[in-house]
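This report concerns only the one structure given below.
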């Protein structure tokens, strides 16, 4: 594993710094929004709708942009395309670093939408593709977990930093770190756009390349049934129909896309509702939000840097996915029925299990595509996630505003969060069905080999 990870040190630094400055400002965003839109109030439907609109527009743009950027990285290298999200992320932070008045807030709001379109999912898909370029398939689950753990470390330290900074200083520090990230990326990160093929490395099988010869063997035909296939490369970018064919080309890819969609829908619903729900239900402020996010980040970092790399060689990514989704269901439902201010902190601890989900999905995807399609494969999964991010705010923003309003038909402020939990339950059920279908296929294959 050390050999595979030898060239990833600079990537980990870039990924850490990117998340450090991104998460540093999250605890202060709610207070800044409320002060600009509804000063002096603890509940504000306008702020909720603004947040929902931003998430929807950002997700819509990311659905289109992320797969395209991933495809371009397969052609022109990961580093060149990583420069885009890393640079664009500086602009909104710089705006609020200058001033937090109402006018500056709305400039920040527009800049955040533009930056989110190019950053949401794009940085993750490019970094996962970069790791797939350097790490062998059998070790990618642990490598992806480490990459996610680096993200969680940035989450923890960014949130912890925000805990001790004033809101104005928070955005100034974040802007400086974002600028340093772009400089570090340009100076130190080696470029990557593919791997060197060696004998026995299944990632290098040309399953997704156009075949102009008729030298296919029965073994390769079997592989084609299990792996997706893009149409032959064209001069332009792949169309939406090409991407749809790619995602539905195998059980593994279609299952990963479906689970990703419902997980994203549930997560975005939880993100849309949680902070406003906690502010209305328990009077949470910037410090309580920072403490909660700190627990979430610490649990995720512990899980992805230690627990998952230990379990990955023992358990398959399918089993880890099921365990992670079960933990995610428990986490969301505890949030929804929280009866005291400390229950959300308990719920946050279940991130130790739910943190398995994303690395497991990404590992499964990377193993089912060839090395020259890692960028577009990870980009398509990120695009599916962004599509869930579009629907999430559209569904859960009015639901949250309705549940938190004083004129609602019943007094249950966590109703929208429980509805978000149903999406995670659906993803959990699909993962169980996928596991059963794969087990049946393996048993059928064994029986056929014995009969032969």
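For all residues, glycine too, the Cβ spot is worked out from N, Cα and C.
Caution: TrEMBL annotation is automatic and unverified by curators.
According to TrEMBL, the compositional bias 'Low complexity' annotation covers 210-221.
Looking just at the domain 'Major facilitator superfamily (MFS) profile' (7-439), the mean pLDDT is 79. For 7-439, the entry in TrEMBL reads domain 'Major facilitator superfamily (MFS) profile'.
TrEMBL lists 209-232 with the feature region 'Disordered'.
Under the heading transmembrane segment, TrEMBL lists 12-34 (among others).
The annotation transmembrane segment is assigned in TrEMBL to 46-68 (among others).
Distant neighbours of the transmembrane segment (80-97): 14, 18, 21-22, 25, 32, 69-70, 72-73, 104-105, 107-108, 111-112, 114-115, 118-119, 122-123, 126-127, 130, 168, 171-172, 174-175, 178-179, 181-182, 185-186, 189, 191; these residues of the same chain sit at least 6 beyond its ends, with a Cβ under 8 Å from one of its Cβ atoms. Taken from TrEMBL, the feature transmembrane segment applies to 80-97 (among others).
Residues or ranges marked as transmembrane segment in TrEMBL: 103-131 (among others).
Positions annotated as transmembrane segment by TrEMBL: 143-165 (among others).
If you look at the transmembrane segment (171-189), the same-chain residues 6 or more away from its ends with a CB under 8 A from one of its CBs are 10-11, 13-14, 17-18, 20-22, 24-25, 28, 79, 82-83, 86-87, 89-90, 93-94, 96-97, 100, 161, 165. For 171-189 (among others), the entry in TrEMBL reads transmembrane segment.
Residues annotated as transmembrane segment in TrEMBL: 243-262 (among others).
Sequence-distant neighbours of the transmembrane segment (292-312) (same chain, 6+ residues past either end, Cβ-Cβ under 8 Å): 23, 26-27, 141-142, 145-146, 148-153, 155-156, 159-160, 163, 278, 284, 320, 344-345, 348-353, 355-356, 359. Here TrEMBL flags 292-312 (among others) as transmembrane segment.
For 343-361 (among others), the entry in TrEMBL reads transmembrane segment. Within the same chain, residues 141, 144-145, 147-148, 152, 256, 259-260, 263, 278, 282, 291-292, 295-296, 299-300, 302-304, 307-308, 317-318, 320-321, 323-328, 330-332, 334-335, 337, 381 sit at least 6 positions outside the transmembrane segment (343-361) and bring their C-beta atoms closer than 8 Å to a C-beta of that stretch.
Feature annotation from TrEMBL assigns transmembrane segment to 381-404 (among others).
Among residues of the same chain six or more beyond the transmembrane segment (410-430), those with a C-beta under 8 A of the stretch's C-beta atoms are 255, 258-259, 262-263, 265-267, 269-270, 272-274, 277, 280-281, 322, 325-326, 328-329, 332-333, 335-338, 392, 396, 399-400, 402-404. For 410-430 (among others), the entry in TrEMBL reads transmembrane segment.
If you count C-beta pairs under 8 angstroms between the transmembrane segment (143-165) and each of 12-34, 46-68, 103-131, 243-262, 381-404, the highest count goes to 12-34. Packing against the transmembrane segment (381-404) from elsewhere in the chain are residues 43, 45, 48-49, 51-56, 58-60, 62-64, 66-67, 70, 120-122, 124-125, 243, 247, 256-257, 260-269, 271-273, 276-277, 280, 361-362, 365, 412-416, 419-420: each is 6 or more residues past its ends and has a CB under 8 Å from a CB in it. Long-range Cβ contacts of the transmembrane segment (103-131) within its own chain (Cβ-Cβ under 8 Å, at least 6 residues beyond either end) map to 8, 11, 15, 18, 22, 32-33, 36-37, 50, 54, 57-59, 61-62, 65-66, 69-70, 73-74, 78, 81-82, 84-86, 88-89, 91-92, 95-96, 140, 143-144, 147, 151, 192, 362, 366, 374-375, 377-379, 381-383, 385-386, 389.
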